[in-house]
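Notes to accompany the following structure.
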Amino acid sequence: MSLQNDIITALGVKSSIDPAQEIRVSVDFLKNYLNAHPFITSLVLGISGGQDSTLTGKLCQTAITELRNETGTSRYQFIAVRLPYGVQADEADCQDAIAFIQPDRVLTVNIKPAIESSEATLRAIGVELSDFVKGNEKARERMKAQYSIAGMNAGLVVGTDHAAEAVTGFFTKYGDGGTDINPIFRLNKRQGKALLRELGCPSHLYTKAPTADLEEDRPSLPDEVALGVTYEKIDDYLEGKPIDANDAATIENWYRKTEHKRRPPITVFDDFWQ
């Protein structure tokens, strides 16, 4: 079996999907998990205004609304968390995402003071953060805030990790990669777009260039520039289609380099790194 086939199997990607059916799979997955764990009553998710959090947020709110209707109680809630670093460049998109999702609650946590405090504390002991490492600090601070909110609301922190992100390891370890539950994990980027179209999402929220926007030296850096390969090629690869050898090599190199991100902490029993 080729590495491409190994990756497709590991990430559970289908070569084609029925968007309505995949919406139902994700919603039922969230509902079933909460039904199996009655002490959990909320879902918590950071909303950025991009494709992945918009889709995941809509799935979360749908699941919570159905649970309330099915149980006849108001104990379940979806909490959307705004997590800007100061002023968000695409604030209008974030507001549009919130309007589309219609979350039960919206909380806003400005992470800038916490990041600046951490940066100053480290500088005082001679550790000067690079712009890249500071970007990872932002991702981890966002996750820290979400876990605090979830902890006070009997909640799960929901992730937005999907197959096109997982294959490249394009997430921050213990930042946006550190979540409790990932309802869109098996989907690639174009499949996520298909689900949003099915859900009636405003198209500008999933047609704009994806960006993590963590680096101040390179603001709004497109994911595809950082990765050196387009999502179209990544999606083709994940659907089992033949792609240019250089693009395939780029994807597979990212996959190998970031294997540690997709695993629990390494122990003496692990040998994948050898």
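From the backbone N, Cα and C atoms, a Cβ is placed for every residue, glycine too.
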Say Swiss-Prot lists ARG140, ASP180, HIS260, LYS261 as binding deamido-NAD(+): which of LYS173, LYS189 is in the same site, per that record?
LYS173
Co-listed ATP-binding residue [Swiss-Prot; alongside GLY46, ILE47, SER48, GLY49, GLY50, GLN51, ASP52, SER53, THR160, LYS189] among THR71, THR73, THR211:
THR211
What number of additional C-beta atoms lies within 10 angstroms of the C-beta atom of HIS260 (deamido-NAD(+) binding site)?
14
Measure the Cβ-based neighbour count of GLY50 (ATP binding site), defined as the other Cβ atoms within 10 Å of its Cβ.
22
Between any two of GLY46, ILE47, SER48, GLY49, GLY50, GLN51, ASP52, SER53, THR160, LYS189, THR211, the residues recorded as binding ATP, what is the biggest Cα to Cα distance in Å?
19
Rounded to the nearest Å - Cα separation of THR211 (ATP binding site) and HIS260 (deamido-NAD(+) binding site):
23
